[in-house]
Amino acid sequence: MISGLGIVDQVCLACIAFASGSEVHLAELWKMLRPVISLTLSITAASWSLVCLAFLSVANWLPFMSKMGFSERFCVASLAGTISVARSPATAIAVLREVEDRTTPFCSLSLAVIVLKDVLVIILFAFNLEFLNFIAAEESPNPTHGVASQVLHMFAALMWPLCEIFGSAAAGLVGGFLTITWLRHTAFSTLAPHRAHRAASVASAVCTMAIVGGSFLGAHHIGLEPLLVCVVMGICTANQGSSWSVLHVAANLQRGEHIALEERDKQLLMDREVLEIAIDHVMPTVNLAFFSLAGAALAVDTLAATAHISVIIFMMRLVGIIVGTRLGAQATAWPPEQTRVAWMAYVTQAGVAIGLTKSVVAKGVDWGAPFSAIMTAVIVCNSMVGPLLFKLSITLVEETSSQGTAV
């Protein structure tokens, strides 16, 4: 029954990836590019390293890893480390809406890092899957292949992820152009306040997500990375029409100059409003269907048997986030009172992380189901404590709607 709902699962995942990409606002990202990159890279490196090391350390405790060679063990551990990098922009935005303030420096920087890390994790995941394919091919070598053939195969294994990423980005740009064209065509009915237009607004949102879902399925069919296609579609849709002017405005604002909004920038703001309305219409249903299917497909017996492993991975991920945040904050000269609590903003996980674990199962590897059970348990733990920690971090740095401090 669950396997028969695979297309529903894929369309839901496409919408979640698209919604994550739509939160990337280039102008805002450009204004704080240095701290965003510093924090993103440091947290990614620390989280991946410690989770990967933890998975390698407990490999002998896991039946599906105990008989693996080191190369395959490292591949599985690397996948776990990569999934641990994923965050949840939607959850972060929900927390910021609860505190009625998402524009303070701490909140803006945290959201930018969370969104950028979701883009980065999908790229890293594509490399991991190709590494998995390469290891599988190496462990069953063809004796007729010579040294030259093996070198060529290794080169192809290294280059294909790059080709796949560039191809996926190009497909996402095309899809984003089609999506924003459709949204602009239906903007009047979407933005109109009258109830008579609500049905048309919902229909427009459903058609928009149908475009996204179709792009996901098409990308999967032709061998591209469907998650990356949908994320790029979201980025392109949220920033379409004035990319160059947005970067120009952001660069001048960074120098402290005042620049009036041009017509293209006004169009950008309207595009984002229409896009947010479309996403708000469909995402509650999408999340309900996606997480219900994720729960129904979970192997409860495996989950119970590996609960202690999940706790270890969960704790090591927290340590990685703390270490990475401290390093990144020191590189950008953050105030000490914010450095101590900033890690709390980066704990939560949700849709993209679960989607990546499902992608591992979809690869058809025999260890996919138990691996997915462990990582899903970790994701659930992060999704339970993450929002509470994020809200607490905002309170501790005194950046609620009533008072704030500058970074």
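Cβ atoms here come from the backbone N, Cα and C positions, even for glycine.
As the structure is a computational prediction, the values presented were derived from the model and not from experiment.
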Listed range which TrEMBL flags as transmembrane segment, given the options 1-22, 199-220: 199-220
Highest-contact recorded stretch vs the transmembrane segment (45-64), from 274-299, 305-329, 341-361, 367-390, CB pairs under 8 Å: 305-329
Contact ranking winner - 106-131, 199-220, 305-329, 367-390 against the transmembrane segment (274-299), Cβ under 8 Å: 199-220
Non-local residues, at least 6 beyond the ends, that sit with Cβ under 8 Å of the transmembrane segment (106-131): 17, 20-21, 23-24, 28-29, 32, 35-36, 39-40, 43-44, 48, 75, 78-79, 82-83, 85-89, 92-93, 96, 157, 160-161, 164-165, 168, 225, 227-228, 231, 235, 338, 342, 345-346, 352, 356, 359, 363, 390, 393-394, 397, 399, 404-405, 407
